[in-house]
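K.L.:
Annotations for this protein, taken from Swiss-Prot, read as follows:
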ACT_SITE  C87  active site, nucleophile
ACT_SITE  H195  active site
ACT_SITE  E197  active site
DOMAIN    4-226  domain 'Glutamine amidotransferase type-1'
Amino acid sequence: MMKFAVPVFPGSNCDHDMVNALRDILHVTADLIPATATSLAGYDAVVLPGGFSYGDYLRSGAIARFAPIMPAVIAFANAGKPVIGICNGFQVLTEAGLLPGALQANRSAKFICQDSPLRIANHETIFTTAYGSTDQISLPIAHGEGNYYCDEATLAQLRANHQIIFEYVENPNGSTANIAGITNEAGNVLGMMPHPERAVEMILGSTDGLGIFQSVIASQEEVTHA
């Protein structure tokens, strides 16, 4: 059975939602890992959850990037293993240099909490294959600093390498090129502002978030059986 690690920083608040989605809905092993830990040995994937790590002082994710667990996360990613950063987790990944660009305050300068339609821009990743031919999904967003920014050279590289995975249909926050989620060039690290863990059962209003985790699980099963 696949094992997911969910690092918990002071101020994380979506960690239990993430573990619930993985354990109870997807029936895989998921453990909460304290930010003070220094090893991810034995795990197959890592998910950095949403929240307000270290109170989002300085910048969102800026202090979490220096947590004791982060060298292990960086090594995990550099080894080609799946890493997902959701909302604050995305911010941490950019601060850690695992993903390009940065997350700024929303253009409206207001916290946004709503469902947001997304276009799947690349179906051929370890995070999106389960969506098949589905072109559009809807996921909840909840952030004050979700406005993705990168310079023109970085945007050109993201497009050339097909690293833009999710795009807002109706850009809620001012993100460059409507970007809602990107991967690293190797394709094993995903950062996204929307919350797939909040869309995993119909009592929550949608199951559109399941495909991301189902894709990762399927990709690792292929590796195991290869």
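Here, residue 1 is simply the first one shown, and the rest follow in order.
The backbone N, Cα and C atoms fix where each Cβ goes, and this holds for glycine too.
How about a rundown of where these features are and what they're close to?
P.N.:
DSSP assigns C87 (active site, nucleophile) to coil, not to a helix or a strand. In the shown protein chains, 29 other C-beta atoms lie within 10 A of the C-beta of C87 (active site, nucleophile).
Secondary structure at H195 (active site), as computed by DSSP, is coil.
The Cβ neighbour count for E197 (active site), using a 10 Å radius and every protein chain shown, is 30.
Looking only at the domain 'Glutamine amidotransferase type-1' (4-226), the predicted model's pLDDT averages out at 96.
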